[in-house]
Amino acid sequence: MAKIYVAGHRGMVGSAILRQLEARGSDGLITRSSAELDLTDQAAVRDFMQTERPDVVVLAAAKVGGIHANNTYPADFIHDNLLIEVNVIGQAHAAGVQKLLQLGSSCIYPREVPQPMAEDALLTGVLEPTNEPYAVAKIAGIKLCESFNRQHGRDYRSVMPTNLYGPGDNFHPENSHVLPALIRRFHDAVEAGAEEVVIWGSGKPRREFLHVDDMAAASVFVMDLDAEAYARETRPMLSHINVGTGTDISIAELAGMVADVTGFKGQLSFDASKPDGTMRKLMDVSRLSRLGWTASIGLREGIAETYGWYLRQAGSLRSK
Ligand SMILES: NC(=O)C1=CN([C@@H]2O[C@H](COP(=O)(O)OP(=O)(O)OC[C@H]3O[C@@H](n4cnc5c(N)ncnc54)[C@H](OP(=O)(O)O)[C@@H]3O)[C@@H](O)[C@H]2O)C=CC1
Ligand SMILES: C[C@H]1O[C@H](OP(=O)(O)OP(=O)(O)OC[C@H]2O[C@@H](n3cnc4c(=O)[nH]c(N)nc43)[C@H](O)[C@@H]2O)[C@@H](O)[C@@H](O)C1=O
């Protein structure tokens with residue numbers, strides 16, 4: 001059985017990938033928390049890779065956050081993510097790891113790009129300023145994989161997820177992504193009997209949301225593809241594959257859905273002092289669907305399930 005190292009296994013995506021691998025009986029799984037192995041520390045990553053010598057690496061560790069966190073801590077987002085990618089991808093190669101899957105993000109695509117965004121839209125225009133530093137690091141991750149493939153014949157693959165959500169998400173009131181932020185805000189409003197909930201920005205931006213279990217399934221699917229199938233879709237650079245649902249929704253519509261799921265009956269208002277970010281980010285998922293994978297969890301169903309999970313965490317999440 002292959003030894004698979006899942007970097008970031010305590011995070012929302014890494015934990016979902018770990019669940020999928022465990023469910024199919026993988027028994028060579030290797031994990032380390034950030035307290036055990038700081039992936040920004042090159043010497044520590046080198047020692048770990050040389051000692052463990054995994055067969056496969058899944059890179060789901062990153063500094064992650066929503067629009068406010070990206071806009072407030074740009075240095076952390078570019079610095080930590082570049083180090084994590086250089087260390088994990090570079091030291092995996094140095095330890096002879098032939099296969100790796102790295103997770104990027106839909107924010108790699110230019111701000112003004114034809115929708116839906118196809119993989120070859122990469123580097124065709126100017127990035128969205130609220131998350132440009134993070135996006136530059138994610139683009140560097142793609143180019144690292146491509147370059148190790150070209151120069152050293154490695155099989156390093158990249159998946160670009162759309163906005164994700166689900167159990168294990170970060171529900172921080174300011175630093176999280178929109179969906180967990182709204183779940184928490186609407187839930188708190190219902191509990192407090194509040195009459196109004198404030199939504200950041202104009203409510204007009206459109207986003208595509210994918211449940212993390214779908215993302216984990218897609219990650220394992222891409223990891224398992226035979227090399228010829230991956231190459232067929234990603235030639236000539238053996239580059240990245242988009243992962244999404246292929247449908248989007250406005251933030252105002254999303255807020256209405258979360259209000260419905262949480263039972264909030266009051267008014268919504270919009271705070272124009274907060275940034276909208278990119279006005280639309282819809283993935284072209286035809287590469288992945290040609291290969292045979294499509295998402296299966298509907299948005300409303302996924303929000304209801306995530307809200308159930310949030311409620312089961314009781315006070316532990318809300319005290320953060
Ligand atoms: N969430 C989303 O909407 C999206 C996420 N992505 C990408 O998916 C991947 C996973 O994201 P997600 O699961 O949401 O993020 P989380 O924040 O939930 O998890 C990130 C994980 O990375 C680990 N990590 C962070 N810094 C370090 C470090 N210095 N050393 C070791 N481990 C570290 C953390 O480990 P520990 O818990 O041990 O501290 C954590 O478990 C990322 O690459 C992200 O960019 C892409 C698009 C959308
Ligand atoms: C996944 C992706 O995530 C980030 O980009 P983003 O798509 O802009 O992410 P977001 O989820 O934070 O916001 C989506 C939209 O929603 C609006 N919005 C309303 N009310 C809240 C709110 O309460 N919180 C947040 N965060 N946003 C809100 C918000 O104003 C924006 O218009 C990247 O930085 C980058 O990290 C990345 O790759």
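Backbone N, Cα and C atoms are what each Cβ position is placed from, and that goes for glycine too.
No curator has checked TrEMBL annotations; they are predicted automatically.
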Among Asp80, Asp120, Asp276, Asp284, which residue shares the substrate site with Arg185, Trp200, Arg207 according to TrEMBL?
Asp276
Around Ser105 (NADP(+) binding site), how many other C-beta atoms are within 10 angstroms of its C-beta?
23
What Cα-Cα separation, expressed in whole Å, is found between Cys107 (site 'Important for catalytic activity') and Arg207 (substrate binding site)?
11
Starting from the Cβ of Arg207 (substrate binding site), draw a 10 Å sphere and report how many other Cβ atoms land inside it.
20
Which secondary structure state does DSSP assign to Tyr134 (active site, proton donor/acceptor), in the simple three-class scheme?
helix
